[in-house]
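Here is the structure we will look at, set down as structure tokens.
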Amino acid sequence: MGMTIAEKMLAAHSGHDTVVPGQLIECATDWVLCHEITTPAALRMLEERGMDRVFDPQKIVAVPDHSVPAMNIKAAKMYQKLKSWVQEKGIEHFYDVGRGGIAHVVLENTGLMKPGQTLVSGDSHTCNAGALGAFATGVGSTDLAGAIYAGKVWFKVPETMLIRVTGKTNPGVTPKDIVLEVIKQIGADGANYMVMEWVGDYIDQLDMEGRFTLTNMAIEAGGKTGIVAVDDTTRAYMQQRGVSPEQYTEYQSDPDAKYKVVVEIDAAQVEPTVAYPHIPSNGRVAGSDRIRVTHAYVGSCTNGRITDLRDVARILKGRKVAQDVQMIVVPATQAIWKQAAQEGLLEIFVDAGASVSYPSCGACLGMHSGVLGPDDICISSSNRNFVGRMGDPSAQIYLASPATVAASAVEGFIADPRRYDAEGNDLNAAD
């Protein structure tokens with residue numbers, strides 16, 4: 001029987017010729033990604049057991065991103081713990097405040113993580129890196145401790161869901177809308193402990209930024225990870241980061257690979273989608289209800305990339321954020337922040353009345369720099385809209401594409417971005 005991409009990677013990293021879903025394996029990890037929130041707990045476990053070592057300091061990437069710059073003393077102590085450990089263990093791949101940004105987006109841009117490799121991190125959106133044709137997944141602090149100490153993790157080989165997206169999207173429809181549509185169709189647990197493998201001619205023509213958005217949200221359907229097979233787009237992306245095809249292994253699913261579920265999506269039928277509170281699967285067409293918003297947030301590891309910021313600038317240029325809306329734009333990394341500045345995007349945001357913040361996860365999980373208060377209503381380009389996710393439990397979070405967030409910020413209500421053409425012109429201006 002043939003194997004899927006994920007099964008081939010797990011077999012190669014566990015010393016097996018083949019693996020099957022449900023099989024328990026001990027899997028070698030090529031990389032361990034650490035941030036300041038979950039890593040200290042893992043380090044305490046190791047210290048308490050006299051196992052305070054690192055399996056390979058060259059295979060650990062550390063990026064403080066959730067609570068930085070520190071907003072209180074507790075956050076400062078977590079940051080200090082991570083940084084002192086990095087210095088003590090000689091971990092070179094450390095992207096400090098002012099040099100990094102959101103860990104998942106930092107990692108995807110470094111060229112360190114390569115196709116065919118494995119990655120674990122104490123963060124559920126580690127699946128982001130699956131767009132590189134890699135196996136990347138989040139783990140708890142106990143497994144994170146094991147990975148730091150031994151470079152290995154126990155896995156149950158997951159089943160795979162094949163998601164075939166064909167055709168072309170209509171103007172105003174983005175990869176975020178595609179993934180929200182998929183989650184709407186299969187449910188928030190529809191891919192529970194499965195690999196979500198993305199294929200189809202829509203995927204073939206999609207840039208890497210869009211692919212990262214798709215794999216990033218695998219966990220929002222319960223997925224173990226998301227994966228896109230390596231192709232010319234992947235190879236070009238790696239080449240731009242100084243990595244040649246000789247430096248990594250490509251895996252493709254066999255023609256007779258077995259899939260648990262096959263989902264078919266016609267891209268032309270997908271509309272701008274908004275996930276209503278309080279679950280990402282609660283998708284509806286953008287603008288179908290007149291819902292006032294008090295906050296608009298663009299950022300996160302899902303949609304804080306330069307292409308996302310360009311979509312936002314296209315709509316905000318020459319316009320103002322509605323008077324009663326607080327809009328925050330967070331470039332995902334320092335490099336993206338700098339590029340956005342060079343392209344004049346930040347000036348557009350500021351002129352429109354948006355606040356441009358430093359790269360961090362702060363607002364996304366209600367930790368700092370954009371926490372929602374009682375009864376606030378936020379439209380967000382992030383990945384989760386659970387009760388209390390971004391602040392007060394009474395606040396409501398609507399998930400959408402950056403373009404939909406921008407259109408909604410301007411109009412003060414959840415809006416359909418299709419009323420703005422490719423140049424940002426309002427097609428309904430004459431109404």
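Each Cβ is built from the backbone N, Cα and C atoms, and glycine gets one as well.
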Candidates Cys301, Cys378, the one Swiss-Prot lists with Cys361, Cys364 as binding [4Fe-4S] cluster: Cys301
Spatial neighbours, same chain, of Cys364 ([4Fe-4S] cluster binding site) - Cβ under 8 Å, 6+ residues apart: Tyr297, Gly299, Ser300, Ser380, Ser382, Asn383, Arg384, Arg389, Met390
CB-centroid shell, 8 A cutoff, [4Fe-4S] cluster site Cys301, Cys361, Cys364, site residues removed: Asp65, His66, Ile102, His125, Gly299, Ser300, Thr302, Gly304, Ser360, Gly362, Leu365, Ser382, Asn383
